[in-house]
Amino acid sequence: MRILVIITCIVAVATATKTCEANEELVSCHNTCEPQCGYTPKACTEQCIMNTCDCKDGFVRNSLGKCVEVSECTKETTKCPENETFFGCGTACEATCEKPNPTVCTKQCIVNVCQCSKGFVRHGLRCIDKKDCPK
C-alpha cells in the first residue's frame, strides 16, 4: 500500500500542469538563449529544457526572473555581463577593437542595453580592455 501511494505521488508530480507567471507561456522546449534585460545571450549551449515557461513574444526576462517589456528594464533589474554597464540610451556605434573611436555614426538610442564599460571595447561577444586588443 505504501509503495502504491509513493508511485501515485511521483506520477502526480510528473504530470502536473505547470503554471506560468504574467507575460510567460508554457513551451515544450525552452530556449536557453532567452532574451534578457540589456542583452540576448549569444554564446549558449543548445539544449532543450522541456515544459518550461518562456517570456511571451515582445517580453524579456529581468534579473528578478520576471518577464517585462524592454521599456520596463532598469539598471536595478538588469544584470550585465562582465565589463559591461547598463545604459538607458546606448549608442548604435559601440567601440570595438577594430574601430575603437567610431567617427561616422547615426544618432540612434538603443534603449535599455548593456554595452562596454568605460575603457573597454567590444571584441567578438565580450568587452575587453582596449590595451588587450589584438594588434
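From the backbone N, Cα and C atoms, a Cβ is placed for every residue, glycine too.
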Cysteine from C20, C80, C89, C93 that Swiss-Prot links to C53 by a disulfide bond: C20
Per Swiss-Prot, the disulfide partner of C93, chosen from C80, C97, C105: C105
Disulphide bridge to C127 as given by Swiss-Prot, partner from C116, C133: C116
Disulphide bridge to C97 as given by Swiss-Prot, partner from C67, C73, C133: C133
Between C33 (disulfide bond) and C48 (disulfide bond), the C-alpha gap once rounded to whole angstrom: 11
Inter-residue C-alpha distance, C109 (disulfide bond) and C93 (disulfide bond) (nearest angstrom): 10
Spatial neighbours of C37 (disulfide bond), counting only the disulfide-bonded residues C97, C105, C116 and Cα distances within 10 Å: none
